[in-house]
Amino acid sequence: MDLNLNRADYLQVGVTSPKTMKLLPASRHRATQKVVIGDHDGVVMCFGMKKGEAVAVFKTLPGQKISRLELGGVLNTPQEKIFIAAGSEIRGFTKRGKQFLSFETNLTESIKAMHISGSDLFLSASYIYNHYCDCKDQHYYLSGDKINDVICLPVERLPRITPVLACQDRVLRVLQGSDVMYETEVPGPPTVLALYNGNGGDSGEDLLYGTSDGKLGLIQITTSKPIHKWETRNEKRRGGILCVDSFDIVGDGVKDLLVGRDDGMVEVYSFDNANEPVLRFDQMLSESITSIQGGCIGKDGYDEIVVSTYSGWVTGLTTEPIHKESGPGEELKINQEMQNKISSLRSELEHLQYKVLQEREKYQQSSQSSKAKSAVPSFSVNDKFTLSKDDASYSLILEVQTAIDNVLIQSDVPIDLLDVDKNSAVVSFSSCDSESNDNFLLATYRCQANTTRLELKIRSIEGQYGTLQAYVTPRIQPKTCQALQYLIKPLSLHQRTHFIDHDRPMNTLTLTGQFSFAEVHSWVVFCLPEVPEKPPAGECVTFYFQNTFLDTQLESTYRKGEGVFKSDNISTISILKDVLSKEATKRKINLNISYEINEVSVKHTLKLIHPKLEYQLLLAKKVQLIDALKELQVHEGNTNFLIPEYRCILEEADHLQEEYKKQPAHLERLYGMITDLFIDKFKFKGTNVKTKVPLLLEILDSYDQNALIAFFDAA
Amino acid sequence: MLLPVFTLKLRHKISPRMVAIGRYDGTHPCLAAATQAGKVFIHNPHTRSQHFSASRVFQSPLESDVSLLNINQAVSCLTAGVLNPELGYDALLVGTQTNLLAYDVYNNSDLFYREVADGANAIVLGTLGDISSPLAIIGGNCALQGFDHEGNDLFWTVTGDNVHSLALCDFDGDGKKELLVGSEDFDIRVFKEDEIVAEMTETEIITSLCPMYGSRFGYALSNGTVGVYDKTARYWRIKSKNHAMSIHAFDLNSDGVCELITGWSNGKVDARSDRTGEVIFKDNFSSAIAGVLEGDYRMDGHTQLICCAVDGEIRGYLPGTAEMRGNLMDTSVEQDLIRELSQKKQNLLLELRNYEENAKAELSSPQSEADGPRGIIPANTKLHTALSVNLGHETQAAHAELCISTSNDTIIRAVLIFAEGIFLGESHVVHPSIHNLSSSIRIPITPPKDVPVDLHLKTFVGYRSSTQFHVFELTRQLPRFSMYALTSPDPAREPLSYVNFVIAERAQRVVIWLNQNFLLPEDTNIQNAPFQVCFTSLRNGGQLYIKIKLSGEITVNTDDIDLAGDIIQSMASFFAIEDLQVEADFPVYFEELRKVLVKVDEYHSVHQKLSAEMADNSNLIRSLLVRAEDARLMRDMKTMKNRYMELYDLNKDLLNGYKIRCNNHTELLGNLKAVNQAIQRAGRLRVGKPKNQVITACRDAIRSNNINTLFRIMRVGTASS
């Protein structure tokens, strides 16, 4: 059955955080439901739709930014009490808008995530998790990395309380009381957790997670170990997942999975016979989907998917058809409703415009006086700067609540800006002035009208570090722009992992000296991405990393006065050595750096590169042949005379070209890394081999693995 | 929602912009398009049984309803249409870099095959002005040529640069078609037969032009801009990061007015309202669009919009019916309107909030450095801009300079200049390092051409520690001749070349013109006529003298003929001069031109010689081949081997000869372009009728190979002394 959903916009509130919109339970089956939503202005609004118009049930006064909104109530009764988290405070409202709870948690950080189950309240701030029962502190846990979401397996179905934390370091931490029962790694940084089917599935232990790199997974949290059931791969490279819900929108009696992503994609998955998810429907909205829920709002009897977006739109994707099948009179009525809505909006606008004009004049006048100041409040920018593993490049996503006028990108390190198909902004690269202005890249993105979200792709080079700045100017008066800064770290292509292969030949770099644990941690933070800012608890800590481009690894273990870094890639060690000694000199700390180089590791790294390089070379060669072969095909009419290899190329032509387009300059990057490896190998021996680089490039041009290894050995 | 009425997937690639629909047998519309390997394919879905079978055309091995036409050369343009009205069916015209072929598909015969030295980059078919028979007009290397159905060259003129696009449009509303020419020097020129009636300067190479209706026409540039002109006024334009491959006018929503349909390089097709540029319909293909056409491809009496993608996919759309009320996209108009209004409301609310917060901040603490990060600046902060000429020093070449400064201690974090045609991209950014921040910035600007440019400035103003900045937006115009500095006259360096003309204007008016078009220092004081001013070019140090006598006679001394032309055209438009005859002499340039003309003759003769040699060689090949085969039949292997060795050597010679011919040809093209440009330049020194006279006379002189007359015309403007 084809799923056909029509879009209907209901209302716009202020900017919203993820998971801040819920539907109140309906009084009877398939009756219309009310929507509650909390925004950054601190306003909680509850509304229902009446004859196509939003009618507010209640609306609170502005306050602190609302970061979460959940529904609760006595277990096994309708969950219709509204709880919001704002700052470090939890407030509760009845469905009529009467406040019945105000609970100041006294957490030092503001609350990021919340889960409510009966009288149990699970809260997490950036690193702290707290469990309250009847507002009394029960359990506490300090996480090693940022907590993105918290959930508790259904207590009414299981004989235990099992909270689960989704942490930025790609780990789900399953707690018991104040202790970790076990950890389990997931394929990306998890951003959202939800109970499978809304109740934890058959076992009551099934948990859905979504990651910031767009993957979905189902995991069963048993008392002893996790069981991974399935995970999706995000092959279409869609955005990160911000919200999920289970709801039977298809109408086949099985709950479907509703997913909202940060690139505006709304998806519906149903489950096949093997209980694996199958994509049934997707629709692109123009901005991040912050909350999603299935229900019925617009018209009773018609199910719909209700979503809220970053800029505060509440939108429905409804099964109600646009074109009514009933008589012509009905049609007219609907049109009338629309017309009324439009005219009321128009008059509202006129009134506002007049007011704005007055204020604008006042503002202009103030510029005459010498004492007056011009202070324009900051607008909120939703930004995300992440390393994507698939193509070892960074993606920068900027989202503003109003349309963006232009974005200026400036960088003081050499980086490449790649084209992203999705964005329609006109990019223009400016020449970087010769004076010592530290500019390696200056580019402007002039956005088309109504662009609120801009996505950029950036390719960095390991060893070159500095800052990337984005100046975002939205289309709003008085015009202001905000400067946002992103660090390009020295080992920018590394990613945290939890398991490494200990059998590889490793090079070691050891630091000793008079430095504190916090200091050495700050150096690691400076060099490597995805390390928590805060020094972890304990005296000694070990982090594992993986190079997303070459798959080489890095192990860093450090404590007060000592740091040990092990990698099978000599270039990684070389970069660390250079950066650390520079940093230490800057802070006037006496560092003893010693290293142990394993000759075998170079050969090992070359062998790691070999399949990638060979694949790329073959791909390039094949792609080069495609056009010529196609011409032959046109000329001869068939391909029977070609050798099977060429026929194969012709058959796969589209696929090959797509593959080739996906990874621009991949070969150049590999060459660059091999050259670095070559130079670094001999740098540790104290010889400068820069003069031999042209020779190396020659060998690479006619690539043969053995010749290359021989050259590395011989030189 | 408008859906395609048919979709075809041909297994041949389609070269961009080289696709046309014609009724080659008078009834059945067929699609002809250039494809790989110098071939043209003709898709004929209507008469399956009929096969063209002859030397040129053969059946495509891939598909039954496609025939292939061998051109054996890269096709550079293609069109179809009625060339001979008596024939009653359409001809196919295929242009390459050296030839133009008019082909009768039905009878499988050439209508004519003409060599065109200037190449054919663009082609358009139709009637022009008062010329009665339809012409195939091709645009090449600075030249335009029109041929009738017999291949007679009925129209010939020159234009400023290589032609990239052509269109026929009733520009002045007299019921006759004018020719629109888009060329590499960013100009759209309008030819009323061979007279230029209008010139519009754009910001990039004009890649496509299409008539809409009346005097309205659409255009597309190589930087992703598409737009609509009505006569010389631009109605609207939009810019995309993709390139417009093809544009076409078609009434898709049945409102009686054509929309501009654009096919983009990313596979998108959109239809935009001719008045506002608003998108009323869009669709996506999997590869770049090669062409957008119209035709009754299903032969049911309804004209479809037909879009062809590079990978051979073809979709046809019928115009929307009346019930759709112009609503071709799947969202409802009301929903969109509500969304738009709500967005507006939100923006106004935000603005209002900005003012409220501002008022609050004002009431709080007095100005302090702590306000920096929040971007609070004194309300009376003003931005001053000044344009001047900087003569440069050792490390930096001379340039025009834009100086921006704030009126207090606030600093300028960055300056964005959006301007077209003077930077690499559309913008230039100045972003000083954190150590060099100050309240004033000097920005060097070196416009490559003498055109007036609007500089749209966005200046980020705040404090050193700010993370939020105020954006000051303002627009300054860079005068046309900003790259010339006023210097004191040095008679020894006065250029020998000059133009001389008389205008009936007071000297003061000329001074106003000078002020508007040059960056003069503020203290410049020019007395009454007679006076003279001297400028130095910042690009090459060349001198420019402008002298005015009491009688109103103006002499402009410069060795740069283009500059002289620019000055005359600029004055003419400023003083609204309709016709201006000029006396000019550019000895150096003329001498160069003389050399070029001699070279053209040389290359022509070399070309003929090489062609003759090639013909000889091909005879030789034939005989060698016959003899070698004879030897083989006689089983005289040794002789056969020898013959084939000879043949091999001859082949090598031929290849070498080919290379020489190629080089010779490119040189010839270069020189021909120089000649065409020279005529164009001579024309630009005059205004109105004298201009056309000069161009026509020059052309005649070149045809009759009378070099001396040519130079006399260039000097005095007429052939007769």
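Here the Cβ of each residue, glycine as well, is placed from N, Cα and C on the backbone.
Unlike curated records, TrEMBL annotations are generated automatically.
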Annotated stretch (coiled coil, per TrEMBL) among the listed ranges B:254-281, B:338-365, B:422-449: B:338-365
Same-chain residues near the coiled coil (B:338-365), Cβ under 8 Å, at least 6 residues beyond its ends: 376, 379
Structural state census, the domain 'BBS2 GAE' (B:396-481) (DSSP three-state): 3 helix, 48 strand, 35 coil
Close approaches to the domain 'BBS2 C-terminal helix bundle' (B:689-715) from elsewhere in its chain (Cβ under 8 angstroms; 6 or more beyond its ends): 156-158, 194-196, 579-586, 590, 593-594, 597, 675, 678-680, 682-683, 721
For the domain 'BBS2 GAE' (B:396-481), the mean pLDDT of the predicted model: 86
Within the domain 'Ciliary BBSome complex subunit 2 N-terminal' (B:20-126), residues counted as helix, strand or coil by DSSP: 0 helix, 55 strand, 52 coil
Helix, strand and coil counts within the domain 'Ciliary BBSome complex subunit 2 middle region' (B:165-272) (DSSP): 0 helix, 69 strand, 39 coil
Interface present between the domain 'BBS2 hairpin' (B:587-684) and the domain 'BBS2 GAE' (B:396-481) (three or more C-beta pairs under 8 A): no
Recorded stretches the domain 'Ciliary BBSome complex subunit 2 N-terminal' (B:20-126) and the domain 'BBS2 hairpin' (B:587-684) touching, at least 3 CB pairs under 8 Å: yes
